[in-house]
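Colleague: Below is the structure I would like to discuss, written out as structure tokens.
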Amino acid sequence: MIEADRLISAASNQPEDVVDRAIRPKLLEEYIGQPQVRSQMEIFIQAAKLRGEALDHLLIFGPPGLGKTTLANIVANEMGVNLRTTSGPVLEKAGDLAAMLTNLEPHDVLFIDEIHRLSPVVEEVLYPAMEDYQLDIMIGEGPAARSIKIDLPPFTLIGATTRAGSLTSPLRDRFGIVQRLEFYQVPDLQYIVGRSARFMGLELSDEGAFEVAKRSRGTPRIANRLLRRVRDFAEVKHDGTISLDVAAQALDMLNVDAEGFDYMDRKLLLAILDKFFGGPVGLDNLAAAIGEERETIEDVLEPYLIQQGFLQRTPRGRMATVRAWNHFGITPPEMP
């Protein structure tokens, strides 16, 4: 099953991104959740502006859908500079990165999404650019090859990744600021859902907003996606007003349960409970049992289940927790 096909996927979706961009906060004072990140960034940005310097290079990591791109936009807005956006897979050659860097104005922000997917050749170009604001490029080939240095204006590189562990140490060490985004609390998501509903002109009760937030897996992108689908249900099946009952009916119809689990989450947990008696089970066996790639399990399915206390990673494999047994109303087998 492809991650982008899941309703509760946190993967980016192009048509939705257009709407999401319009309702994203533009400044730190509008930024909801992540209190530690917000308070730290307020200080770092104010200090850089007082000194008249570019902000230190910033690495943002965490699960998808938590607002890494939003935070990059906010930083550029707060600094009053331009934001140039690209992604790791797009920068195939050193020249691609060099072209972007040489077009930056002083203190501009260059945002590289999925920075862990940069090729080694491109990454090598980044090192002197980040440290010394210089490009060191080889011209020509063979005996005639020569190195030229190009001075760059001071700039801020913001890298975003869902896999901080995949970054090389030399790249990771060149970021002066590192911020981890955590899953959102339900009250913060409720506020985000309410704000989005006002932007979309919807009648949404506080209880309805809470129900959508509760099932959004701690992720604003999922919350906004669920809100749009609940809106569709409310307009077709009811009078367009989203109450607690309407939200619950819509989300039940969409097969998103009270914990925010969809079919794939339940399939994974039930496989561990039913086929492997709660575990431990190795990742390869689990992948074969549910017909998924091991990378999909590690990067997409597991993080939220572990964070919510339904799944454990142990040296011997994956294990379901007591909370998982209770969620499905299954009695754990007696230990021998």
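Quick reminder: no glycine exception, Cβ is built from N, Cα and C everywhere.
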Colleague: Can you find which of R51, R215, R217, R221 Swiss-Prot lists as binding ATP at the same site as I23, R24, G65, K68, T69, T70, E131, D132, Y133, R174, Y184?
Modeller: R221
Colleague: Give the residue counts of the region 'Head domain (RuvB-H)' (258-336) per reduced DSSP state, in the order helix, strand, coil.
Modeller: 41 helix, 9 strand, 29 coil
Colleague: Distance between Y133 (ATP binding site) and R294 (DNA binding site) at the Cα atoms, whole Å?
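Modeller: Cα-Cα, rounded: 40 Å.
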Colleague: Distance between R318 (DNA binding site) and I23 (ATP binding site) at the Cα atoms, whole Å?
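Modeller: With distance taken Cα to Cα, I23 (ATP binding site) is 39 Å from R318 (DNA binding site).
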Colleague: Are there any residues in the same chain, six or more apart in sequence, whose C-beta is under 8 angstroms from the C-beta of T69 (ATP binding site), and if so which?
Modeller: T85, F111, D113, A160
Colleague: When DSSP states are grouped into helix, strand and coil, how many residues of the region 'Small ATPAse domain (RuvB-S)' (185-255) land in each?
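Modeller: Result for the region 'Small ATPAse domain (RuvB-S)' (185-255), in helix, strand, coil order: 52 helix, 2 strand, 17 coil.
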Colleague: Out of Y133, Y184, which of the binding-site residues has the smallest number of neighbouring Cβ atoms within 10 Å?
Modeller: Y133
